[in-house]
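Taking it in order: structure first as structure tokens, then the write-up.
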Amino acid sequence: MVLDYNFKKVFCFFFFTGFSFYFAQVGMYSTPEIDSLQKKEFSRLQDIGDFKGIVIQEQELIRKSGELHYTKGEITGYLNIASSLVVLNRNKESMYFLEMAERKLNSYNDANLRTRLNIVYGKNYSALGLKRQSNERLNRAIRFVGKISDPEERKKRLYLIYTWKRTNFVKMQMMDSVLRMERKSLQLSPNPELYAEIAERNLYDKKPDSAEYYLGKALSSCQKCPVRQKASVLMSFGKLYIEKKEYEKALQYFFESLAISRKAGFKKMDRDAYKLIFETYKLIDNAQGENEYLRKYTILNDSLNKVEKEILSIPVEKLLNEQAENEKKSKNNLYYMIIGIILGGVAIVIIIFNIYKRSQKEKDILIDQKEKETDTLKKKLDTVYEEVVQLAVNGDPLFITKFKETYPEFYNNLIHKYPQLTANDIRFCAMMKLNFSNKEIAQYGNMSIRTVESKKYRLRKKMKIESDIDFSSWMSSLEH
């Protein structure tokens, strides 16, 4: 009896131990637990900037959702990973996970998930400079957002859409649209980053009091905000103190922002901080600090530019695939029509044959046109030329340095023949060499078109160029 009793105890011990070990290994989750982790824990990790933790968590939850045949959990996992990778500037990987989510969504109808899918696509396109494609995706998101049943979730998604459309309109310099998006965002639930961006616009417009007001609102609403927003607000405060000429205080804010962005892995924010720091050191004649952070800025900027060029083909390929799919559908419709006409008789077949030949000829013409447009586009997108133009547009102090590297013969001939030219004169000539119009020179140089024309006239006199000689053609001759 004692032996039998001991045997039962040993059996029960190993049974329950093995049972517990099995379930510990399997890691059973219920669908409500998966939903909770993908919402609450995802938000917590996002707020503290632990995007690596998000990827690890979501990969596990995607696997568990697959075991449970829980499609919503799989799609949400893909979207959470894709959204996190955008913040880390890993757009190639982000697009991969978006395509995984999109394939699942083809057979699963959920307005919230479809809204999120289009928003994250919009973020990726915006980050890669494809502003029109980004707005198209965000407009698709608007069509789905009204079908979300939860009012708080609907409000949250709508705010994100307005935020990213506002970002695109800023890059496109469409200020009326920017202000319209701001008004819509402020009517919802503005976050600290929006206040900071409005403050920066006021700084640009030389309205420091208004800028300080909005930064105060940003700070007061940033007690428990995500680390990215906190870093953004601190950076904006630094810019405010640059405007006030309190450079040491500005540096303090820039370094605080940099500490947060470096810890979280926000590479683009790191780059922006490096640029602001080296420019501030330059203002206080600290050559050592300026050189150190200029070097850091240059290395990181080159690295980010290289990555962006490598992944730019991904969204373009995506767009081409969408176009191919549409063409495939159109061709299928055409084939059905041809079959129907063939059944009508030989006469109609002959007509269709003629139509087909004409259509084929038109397609060949279109293909030739597309090839010519592609060649033209490739020439326009010359990497070095675009970089120099962008520096000029941004009023970057590195513009002349990069221009000199790109057009050394033109630059050397110019300063050798006309040593009396000022730095502003050389910059003006450089912009003309880059084929900037009078309107563009006025816009990016913060002057009127009349001022540009007057400056061009004074340059003619200073350089003793006859009035019957075309100035632009004469500029081109300096390279020979």
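Each Cβ is built from the backbone N, Cα and C atoms, and glycine gets one as well.
Curation plays no part in TrEMBL annotations; they are all automatic predictions.
According to TrEMBL, the protein carries these features:
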type	residues	note
DOMAIN	418-475	domain 'HTH luxR-type'
REPEAT	231-264	repeat 'TPR'
TRANSMEM	12-30	transmembrane segment
TRANSMEM	334-356	transmembrane segment
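Per DSSP, the repeat 'TPR' (231-264) is made up of 31 helix, 0 strand, 3 coil. Per-class residue totals from DSSP over the domain 'HTH luxR-type' (418-475), listed helix then strand then coil: 38 helix, 0 strand, 20 coil. This prediction places the mean pLDDT of the domain 'HTH luxR-type' (418-475) at 87.
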